[in-house]
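Undergrad: Starting off with a structure, shown below.
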Amino acid sequence: MSSFGQGGGQWIWGWMSQVCSPGKMAARALRPGHPLRAQARPPLDTEPCAPRPVCAWTRASPPPRCFRAGWAPSLLPREMAKPLAPVRPWLRCWVSLSWVICPGPGHSFLSAQLTPVPSPQPVHLAQVSFVIPAFNSNFTLDLELNHHLLSSQYVERHFSREGTAQRSTGAGDHCYYQGKLRGNPHSFAALSTCQGLHGVFSDGNLTYIVEPQEMAGPWGASQGPLPHLIYRTPLLPAPLGCRGPGCLFAAPVHSAPPNRPRLRRKRQVRRGHPTVHSETKYVELIVINDHQLFEQMRQSVVLTSNFAKSVVNLADVMYKEQLNTRIVLVAMETWADGDKIQVQDDLLETLARLMVYRREGLPEPSDATHLFSGRTFHSTSSGAAYVGGICSLSRGGGVNEYGNMGAMAVTLAQTLGQNLGMMWNKHRSSAGDCKCPDIWLGCIMEDTGFYLPRKFSRCSIDEYNQFLQEGGGSCLFNKPLKLLDPPECGNGFVEAGEECDCGSVQECSRAGGNCCKKCTLTHDAMCSDGLCCRRCKYEPRGVSCREAENECDIAETCTGDSSQCPPNLHKLDGHFCDHEQGRCYGGRCKTRDRQCQALWGHAAADRFCYEKLNVEGTERGNCGRKGSGWVQCNKQDVLCGFLLCVNISGAPRLGDLGGDISSVTFYHQGKELDCRGGHVQLADGSDLSYVEDGTACGPNMLCLDHRCLPASAFNFSTCPGSGDRRICSHHGVCSNEGKCICQPDWTGKDCSIHNPLPTSPPTGETERYKGPSGTNIIIGSIAGAVLVAAIVLGGTGWGFKNIRRGRYDPTQQGAV
C-alpha cells in the first residue's frame with residue numbers, strides 16, 4: 001500500500017464484486033496472494049442468472065470494468081488499473097470505489113465507499129460472502145439470510161403525524177444475515193445489507209462494527225456512494241479469548257435423558273429423544289419503537305425499523321448458539337407521531353404502562369413485547385423486564401434503553417433473559433459460585449467486563465433450564481412459519497410447492513438428506529424431519545417425543561400420522577401434586593416448602609409461626625404493604641401472607657434482600673419452633689417475600705392475592721369425562737387447554753374408547769441420499785480499511801449505563 005501526503009494518510013483502492021455464473025459453471029479461484037483469494041465457492045447446480053443486470057452504476061460513477069478471474073486492480077492507483085477485454089464464460093463486474101482521506105494526529109481515517117444500485121425490487125441473496133481488509137487483516141465473512149427473523153404473519157405498523165395507523169404485512173426488504181468468519185468457529189457475524197452494509201462481527205477476541213457514514217439525508221435517498229466506517233474494540237494486554245470447556249459455554253448445557261427399553265403395548269420411548277433443553281425454542285417477539293427512538297433515527301420510519309431488526313438479529317445470534325432458542329419478530333410498531341404511553345424516567349413505571357398497552361392496544365399475539373426507547377432513564381441499569389414473565393400477557397415484556405446496535409442487542413438479550421427466568425444476582429457472582437469466567441468481555445447477565453459480552457454464564461444457562469423444567473416457557477415450543485413468499489428450497493421451511501426441506505447441503509448431510517432430495521420426498525418416504533420422524537417414516541402412536549419435566553407437566557407422544565410432536569402442554573390449574581399436598585398452578589406445583597427451598601434452601605416454618613406472626617401486621621408478619629405500613633392478615637388468610645421458613649441466614653438464592661432477616665423462636669407443644677423471613681425483591685420490582693398465588697392453604701383452598709379462597713372461586717375448567725376426582729374417565733389428564741390427553745391405549749374426547757397400541761412399530765430403511773439440491777451463491781467483497789483510534793463498546797460492567805456509554809482513552813486502560 002502506497003503512502004502519500006504530509007499528514008501520514010494512506011490511500012486504498014477498494015471494490016465491491018458480485019459474481020454471477022451463467023448456466024452451470026465451474027468456479028475458478030483467484031491467484032494465490034490476491035486479496036480476494038479463497039472467496040469463490042463452487043456453485044452447486046447453479047441456476048441461470050436472472051435477466052436483470054447483476055452490476056449497475058449511477059451517472060455519478062464510472063461504468064464497471066470487467067477483468068479476467070485471476071487478476072484485479074488491487075492496491076493500484078486508478079490510472080494503473082487497466083481493464084481487459086471481457087472474457088467468457090467467467091465474468092466479474094467490478095463497481096469501483098473511491099476513498100476518503102482524513103489525516104489526523106497520529107492516525108489515519110480511511111473509509112471504503114459502496115455505490116448503491118437502484119432497483120425497483122430489492123433482492124437479497126440467501127448466501128453471500130464479504131471480504132473486509134482492515135486493521136492489517138483480511139476478514140472473510142460467510143453469511144446466510146436469517147430466515148427465522150420474521151414470521152409468516154409479520155406485521156409492521158406506524159402512526160403518521162396525523163395519528164393514522166399505516167399497516168404493512170410481509171417481510172418487505174429482508175436483508176438480515178448471520179454467519180461467521182471463514183475458518184474461525186469461535187467467531188460470529190450479524191449484518192444487514194439494507195441501505196449499505198452495517199452490523200457487528202467478532203473474531204472471538206475483538207468486536208468490529210461496520211456502518212455507513214451518515215449522509216445528508218436518510219439512507220437510500222442518495223444515489224451516490226455511501227462511505228462505510230469500521231470500528232473495533234481495543235487490543236487488550238491480557239491473553240484474549242477463553243475457549244476451554246470450563247470457560248465460555250458455546251452450547252446449551254443439559255443432562256442426557258436416560259436410555260429406556262421399548263415397551264410393548266405401553267408408552268414407547270425413543271432412545272436419546274430430545275428434551276425441552278435440546279429441542280429448539282422460539283420466542284415470538286413484538287418490538288415497539290417509541291417516539292424518542294424515532295427521533296434518534298432522524299425521523300425515518302425505515303431507519304427505525306431497520307435498526308430494530310438489526311438489534312433483534314444480533315440478539316438472536318447469542319440465543320441460538322448457547323440456548324438453542326430463536327428470537328422471531330411477529331410484529332413491530334413505531335410511534336412516529338408521539339408516544340402512546342407515558343414513557344417516564346422510571347423504568348419500572350414505564351414497564352407497567354407498556355404491559356397495559358400490550359393488553360389493550362396490540363392485536364397481535366406474542367410471547368413477549370419489548371419497548372425500544374430513545375430515552376435516557378434515571379436508573380443504573382439500561383433495561384428492565386419481569387423475571388419469568390414469558391408467555392404471560394401481563395408480565396411478558398421489557399424496556400430497553402437506546403445505545404448503538406451492539407449495546408442495545410446485549411440489553412435485549414439481558415431483559416429477554418429475565419423474561420426466561422435468568423437473574424441478576426450480584427451476591428451470587430461476588431461469592432464466586434457464579435463468577436463470569438471471561439474478565440474482559442464479561443457475561444451477558446453479569447455486572448462484569450469492559451466490552452460487549454456475548455456469552456451466557458453457566459449459572460444463567462442453568463437458571464433457564466431450571467425455568468423450563470419447572471414448567472415455564474410452554475409457549476416457546478410452537479415453531480412459527482417462515483415467510484411464505486417467495487418459496488426457497490434449502491432454507492429449512494416447507495413452503496408452497498415443497499414436500500420437504502431439510503435445509504442447506506450441510507444440514508441435509510446431518511439429518512433428513514436420505515428422505516428429502518431437492519425439497520421432494522424420496523421414494524416411500526413419509527417425512528424428513530420432526531421429533532416424530534425416524535428413518536423417513538412416522539413414529540407409531542404412543543412413542544414419546546417430549547418427556548414431562550415435572551409432575552405438573554404432560555408428556556407428549558406421537559400421534560402416528562404426523563412427523564411433528566404435539567404442542568407442549570401442562571396439567572390444568574388445580575390438579576393435585578406433591579402427594580396431594582400442593583396444587584398445580586401455571587404448570588408448577590405450588591407449596592410453601594418448595595418456595596422456601598427455592599428462595600432460601602430450607603423448608604417452610606411450622607403453621608403455628610404463620611398463625612402467630614402474620615396477624616401482627618408488622619414487618620416480620622403481614623399480608624402485604626399499605627402505604628408506609630403493613631396489612632394484618634385475617635385469621636383464615638395467615639397461610640397466604642408473609643413467607644416464613646426455618647434456619648435461613650445470609651443472602652437469598654434469588655433477588656436482593658432488603659433489610660435484615662427477622663428471626664423469632666416459639667415454644668409450642670414441647671417443641672422449639674424457628675420462624676424466619678426476609679423481604680426479597682427482584683430487579684423488576686417483584687416481591688418474593690410472600691406465599692405465591694395457587695399455593696394450597698387448606699382442604700380445597702388456594703391462595704390468591706394474600707387471601708385463602710375456595711378452589712371453586714378460581715373457576716377452574718373441566719375436561720370431558722371428569723367429575724368427583726374422576727379425570728378424563730380415569731384414562732388421561734386434563735391439559736391447560738381444557739382437553740383430555742389420553743393414555744396411549746385410550747382415545748376419544750373423554751378418553752373412554754379403548755384403542756390398543758400396535759405390537760410392532762413399522763420400521764424401514766430408505767434409499768441413500770443422491771446429492772445436494774441446487775443453490776446459487778453470489779459472492780461480494782468490500783475492500784477498505786479505517787485506521788482509527790480504538791473505540792470501547794462498553795465500560796466497567798454490563799447492565800449499567802456508564803458501561804454502555806463508556807469512552808475509551810487510548811492512553812489509559814479503561815473507560816473515561
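Just so you know, glycine gets a Cβ as well, placed from its N, Cα and C.
Found this in TrEMBL, in case it helps:
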DOMAIN    281-480  domain 'Peptidase M12B'
DOMAIN    486-573  domain 'Disintegrin'
DISULFID  Cys545-Cys565  disulfide bond
DOMAIN    715-752  domain 'EGF-like'
DISULFID  Cys742-Cys751  disulfide bond
TRANSMEM  777-800  transmembrane segment
Undergrad: Return only the integer: C-alpha distance in Å from Cys751 (disulfide bond) to Cys565 (disulfide bond).
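TA: Checking the Cα atoms of Cys751 (disulfide bond) and Cys565 (disulfide bond) gives a distance of 20 Å.
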Undergrad: What's the CA-CA gap between Cys565 (disulfide bond) and Cys742 (disulfide bond) in angstrom, rounded?
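TA: Distance between the two Cα atoms comes out at 15 Å.
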Undergrad: Summarise the domain 'Disintegrin' (486-573) as counts of helix, strand and coil residues per DSSP.
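TA: Tallying H, G and I as helix, E and B as strand, the rest coil: 6 helix, 17 strand, 65 coil.
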Undergrad: Within 10 angstroms of the C-beta of Cys565 (disulfide bond), what count of other C-beta atoms is obtained when all protein chains are considered?
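TA: There are 23 of them.
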Undergrad: Using the alpha carbons only, what distance in Å do you get between Cys742 (disulfide bond) and Cys545 (disulfide bond) once rounded?
TA: 15
Undergrad: Using a 10 Å radius around each Cβ and counting other Cβ atoms from all shown chains, which of the disulfide-bonded residues Cys545, Cys742, Cys751 yields the largest count?
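TA: Top count of Cβ atoms within 10 Å goes to Cys751.
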